[in-house]
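Okay, structure first, notes after.
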Amino acid sequence: MTLQEEIIRQLGVKASIDPKEEIRKTVDFLKTYLRKHSFLKTYVLGISGGQDSTLAGKLAQMAIAELREETGDQAYQFIAVRLPYGVQADEADAQKALAFIMPDQTLTINIKAAVDGQVAALQEAGIEISDFNKGNIKARQRMISQYAIAGQMAGAVIGTDHAAENITGFFTKFGDGGADILPLFRLNKRQGKALLKVLGADAALYEKVPTADLEDQKPGLADEVALGVTYQDIDDYLEGKLISKVAQATIEKWWHKGQHKRHLPITIFDDFWK
């Protein structure tokens, strides 16, 4: 088995999908998880205005609405959370995503004070934080807020990790990589876009340039620039297609580099890192 085949197997990616079937499968998955855990009544998800959180949010709201209808239990709620650092440059996109999702509840937690306070405390201790590291603090602070909400609201935190993100390790360890449930796992970027099209999302929500937008000194840095490879190449690779040797080497480099992010903390029994 080639490395490409092994990665595809691990991430469960299909070469082609039926978007309607995947929508139904995902909604049922989200419903089943809450039914299985009767002490949970809500899903919590940060909404940025990008493709991934828009899709995960819409599917979560659909699942919650069906659960309420099927059980008559109005305690089932989907809580969308805006988590800007100060003023978000593409706030209009986030509002457009919320209008599409129509969440039961929307909360806004501005993380700037918490992040800046942490950076200042570290500086007082003699630790200068790089812009890149500060970006990871932002991602982790967003998850602190989401878990605080979930803890108070009998909730589970939804993550937006999908195959094209997982393969490159393009997420913050214990930040956006830390969640309770990953409804988009198995889908690549273009497949997620296909689901949003079927769901009737405004094209602007899935055609915009993907960006983590975590670094102050590189605002709106495109994912593809940061990774050095296009999502088209990543998606093709995940669908078992041939791509250029340069693109393949870049993707596989990121796969190996990000292995530690795909595991629980390393124990003496682990050998994947050797």
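Note: Cβ is positioned from N, Cα and C throughout, glycine not excepted.
Swiss-Prot has this to say about the protein:
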| type | residues | note |
| --- | --- | --- |
| BINDING | Gly46, Ile47, Ser48, Gly49, Gly50, Gln51, Asp52, Ser53, Thr160, Lys189, Thr211 | ATP binding site |
| BINDING | Asp52, Glu165 | Mg(2+) binding site |
| BINDING | Arg140, Lys173, Asp180, His260, Lys261 | deamido-NAD(+) binding site |
Self-check item: Cα-Cα distance linking Arg140 (deamido-NAD(+) binding site) and Thr160 (ATP binding site), given in Å to the nearest integer
Solution: 14
Practice problem: Report, as a single number, how many Cβ atoms besides its own are within 10 Å of the Cβ of Thr211 (ATP binding site). | Solution: 20
Quiz item: Taking the Cβ of Asp52 (ATP binding site) as reference, which residues of that chain separated by at least 6 in sequence fall under 8 Å from it?
Solution: Thr160, His162, Glu165, Leu184, Gly192
Exercise. Inside 10 Å of the Cβ of Glu165 (Mg(2+) binding site), count up the other Cβ atoms and send me the figure.
Key: 27
Practice problem: Would you pick out, from the binding-site residues Arg140, His260, the residue whose Cβ has the largest number of other Cβ atoms within 10 Å? | Solution: Arg140
Self-check item: Residues near Lys173 (deamido-NAD(+) binding site) in space but at least six apart in sequence (CB under 8 A)
Solution: Asn136, His260, Lys261
Quiz item: Where among the binding-site residues Gly46, Gly50 do you find the Cβ with the fewest other Cβ atoms within 10 Å?
Solution: Gly50
Self-check item: Cβ packing number for Lys261 (deamido-NAD(+) binding site), 10 Å threshold
Solution: 15
Self-check item: DSSP three-state assignment for Glu165 (Mg(2+) binding site)
Solution: helix
Self-check item: Sparsest-packed of the listed binding-site residues (Ser48, Thr160, Asp180) - C-beta count within 10 angstroms
Solution: Asp180
Exercise. Could you measure the widest C-alpha to C-alpha distance across Arg140, Lys173, Asp180, His260, Lys261, the residues recorded as binding deamido-NAD(+), and give it to a whole number of angstrom?
Key: 18
